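According to Swiss-Prot, the feature active site, proton donor/acceptor maps to Y133. The annotation active site, schiff-base intermediate with substrate is assigned in Swiss-Prot to K162. Residues or ranges marked as pyruvate binding site in Swiss-Prot: T45, I204. Marked as site 'Part of a proton relay during catalysis' by Swiss-Prot: T44, Y107.
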Amino acid sequence: MLKGSITALVTPFDREGAFDEKAFRAFVNWQIEEGTKGLVPVGTTGETPTLSHDEHKRVIEVCIEVAAGRVPVIAGAGSNNTVEAIELAQHAEKAGADAVLVVTPYYNKPNQRGLYEHFSRVARSISIPLVIYNIPGRSIIDMTPETMGALVRDCKNIVGVKDATGKIERVSEQRAICGKEFIQLSGEDATALGFNAHGGVGCISVTSNIAPRLCAEFQEACQAGNFAKALELQDRLMPLHKALFLEPNPSGPKYALSRLGRIENVLRSPMVTIEAATAEKIDHAMKHAVLIN
């Protein structure tokens, strides 16, 4: 169910900074029409830290409504407060999400036992699948393959991981401990080729916000074992993978989407729009990928 190119969706805002529901509806539909195989609303790229709880829930509800069962919706339900994560996960299930994505708790830095407690409690509070989001670069903590294996063993609805460790060897380690059926999705566009070669089955992608068709074709080539074609597409996409992260995400993707006429280039403080020099580099990368003239 969860494989291929899955987009970590931006949340469009209008010029007054409010959630732009009309733009979001069109954006979600465009993603599906371009070949995206799954959608992740209200993750990091969706600026969830600056959404109110009501906005967070509304974004999920709209995404599910527009997707209409065409592709799975993996709703963001992360928090560094277990009770809050449970509440968000339960709302996502009630709204009709196909799965939830739960990030490792940030800032308060639980140990491995604390991670087990957090994820097992969230998983047992819902009946839909849960995907672990392991991103040490943002949360400071790193869930070990052993902790992941214990969670998979004890919680049958913990089905996969979005791995943003940047450690390609983790795919093989987690495959050995969690089993071959455990869904491993790359959390980094730039390393997705190697990730898939090690046994990954897709990517929760930022770049696919801007280049959904290319990212979908790249993942399809990987899953078909056609790594020559995948490498060709990777070469076309790599400058964009890099340029979009020259400044903190999602400032780059929002600028690029505004260049495509999809959304307004508006972020919520403390996120700010990109510098002119960064915009020039993103433009160049978009031209390299043949997304603009």
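Yeah, the Cβs are placed from backbone N, Cα and C, and that goes for glycine too.
Considering other CB atoms within 10 Å as the measure, the emptiest surroundings among the recorded positions Y107, Y133 are those of Y107.
Here K162 (active site, schiff-base intermediate with substrate) is positioned 7 angstrom away from I204 (pyruvate binding site), judged by their C-alpha atoms. Considering only the recorded positions T44, T45, Y107, K162, the residue whose Cα is spatially closest to the Cα of Y133 (active site, proton donor/acceptor) is K162. Cβ-based neighbour count (10 Å, all protein chains) for T44 (site 'Part of a proton relay during catalysis') stands at 21. If you take the C-beta of T45 (pyruvate binding site) and look for same-chain residues 6 or more apart in sequence within under 8 angstroms, you find A8, L9, V10, V206, N209, N249, P250, P253. In the three-state DSSP classification, T44 (site 'Part of a proton relay during catalysis') falls within coil. Looking at Y107 (site 'Part of a proton relay during catalysis') and T44 (site 'Part of a proton relay during catalysis'), their Cα atoms lie 15 Å from each other.
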